[in-house]
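K.L.:
Just dropping this structure here.
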């Protein structure tokens with residue numbers, strides 16, 4: 001006895017009905033396999049609707065455009081940058097900007113304004129900011145560049161996950177000097193300060209922030225309600241040197257070794273992640289290769305940024321070292337490495 005509508009062969013009549021039903025439920029037709037492939041394909045198109053629209057297989061409302069840029073800004077010069085003894089008497093979150101730091105912030109704001117105003121009449125900016133005093137003050141300094149057009153600021157969100165690496169409450173200057181020397185021997189990414197964090201700990205919370213940011217992009221949080229969606233939205237993240245390096249590491253899937261070769265942005269400095277031809281964010285759309293090398297990117301990382309300029313969301317760069325055979329060192333001489341490199 002066969003189930004209605006099934007093209008699978010029915011079990012023998014001598015098999016008890018309950019067992020026959022179990023057999024039928026376990027049996028997979030060729031249509032089942034095709035259906036599973038189709039469902040996976042549909043899920044991918046739903047995850048990346050811009051790709052589905054290009055393929056002519058997705059016809060809902062137009063997808064919400066991604067922000068044109070994600071701009072990373074390091075705070076201006078702080079009292080701690082000038083005098084490390086400040087950390088012995090002032091909590092790190094309360095360290096403010098120096099007079100020069102305020103100038104750094106205002107100069108950065110003017111650069112950002114000149115950059116985004118080239119996009120046309122509908123550009124806007126949305127800010128995320130660390131809750132530390134020096135980053136909040138930097139945001140205010142940056143905001144002075146928008147005094148004449150405050151309607152361009154789509155929103156601001158204070159985000160604790162963007163805070164500086166925790167070095168452990170009030171800091172003893174001599175002990176901190178020893179700790180930083182020890183960190184150089186141990187490795188900058190994994191070394192955890194007593195009562196504080198390692199860069200790996202920062203990576204974990206930045207991973208959570210990245211998922212929030214991706215969700216905000218997908219739901220169009222940066223697009224003002226009741227207005228036509230603008231492709232000229234810009235997200236600005238005002239944070240700290242190490243935190244921004246970890247953010248880039250997480251976004252672009254850089255390795256620990258690659259992270260440890262990066263340099264801090266200067267106070268009030270910025271890096272621009274801008275959408276390329278396919279819709280992914282690349283540092284090479286705005287910056288030159290020489291600028292990225294100065295920041296610490298290797299030739300391999302720069303080649304990946306070149307790929308990011310033209311690739312689409314959902315694509316994977318299989319030639320990048322973290323995604324395949326190139327991850328293995330062909331010079332180790334092991335049988336496994338010789339095999340994957342076609343030697344044996």
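Placement of Cβ uses the backbone N, Cα and C atoms for every residue, glycine included.
From TrEMBL, for reference:
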| type | residues | note |
| --- | --- | --- |
| BINDING | 74, 75, 76, 77, 78, 79, 80, 81, 134, 175 | substrate binding site |
| ACT_SITE | 75 | active site, tele-phosphohistidine intermediate |
| ACT_SITE | 164 | active site, proton donor/acceptor |
K.L.:
I'm trying to understand the geometry here, so how far is the Cα atom of residue 80 (substrate binding site) from the Cα atom of residue 164 (active site, proton donor/acceptor), in Å to the nearest whole number?
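P.N.:
Distance between the two Cα atoms comes out at 13 Å.
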K.L.:
Please identify which of 74, 75, 134 has the densest Cβ environment, defined as other Cβ atoms within 10 Å, among these recorded positions.
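P.N.:
Ranked by Cβ atoms within 10 Å, first place goes to 75.
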K.L.:
Roughly how many angstrom lie between the C-alpha atoms of residue 76 (substrate binding site) and the residue listed as 'active site, proton donor/acceptor'?
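P.N.:
Given the Cα positions, residue 76 (substrate binding site) is 14 Å from the residue listed as 'active site, proton donor/acceptor'.
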K.L.:
Hey, which of the binding-site residues 76, 80 is the loneliest by Cβ count within 10 Å?
P.N.:
80
K.L.:
What is the Cβ neighbour count of residue 164 (active site, proton donor/acceptor) at a 10 Å cut-off, with all protein chains included?
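P.N.:
That number is 22.
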K.L.:
Across all chains shown, how many C-beta atoms besides its own are within 10 angstroms of the C-beta of residue 78 (substrate binding site)?
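P.N.:
Result for residue 78 (substrate binding site): 26 other Cβ atoms within 10 Å.
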K.L.:
Can you give me the Cα-Cα distance between residue 74 (substrate binding site) and residue 164 (active site, proton donor/acceptor) in Å, rounded to a whole number?
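P.N.:
Their Cα atoms are separated by 11 Å.
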K.L.:
Rounded to the nearest angstrom, how far is the Cα of residue 164 (active site, proton donor/acceptor) from the Cα of residue 78 (substrate binding site)?
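P.N.:
That separation, Cα to Cα, works out to 13 Å.
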K.L.:
State the Cα to Cα distance, in Å, between residue 134 (substrate binding site) and the residue listed as 'active site, proton donor/acceptor', rounded to an integer.
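P.N.:
Just about 10 Å between their Cα atoms.
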K.L.:
Between residue 75 (active site, tele-phosphohistidine intermediate) and the residue listed as 'active site, proton donor/acceptor', what is the CA-CA distance rounded to a whole number of Å?
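P.N.:
One finds 11 Å between the Cα atoms of these residues.
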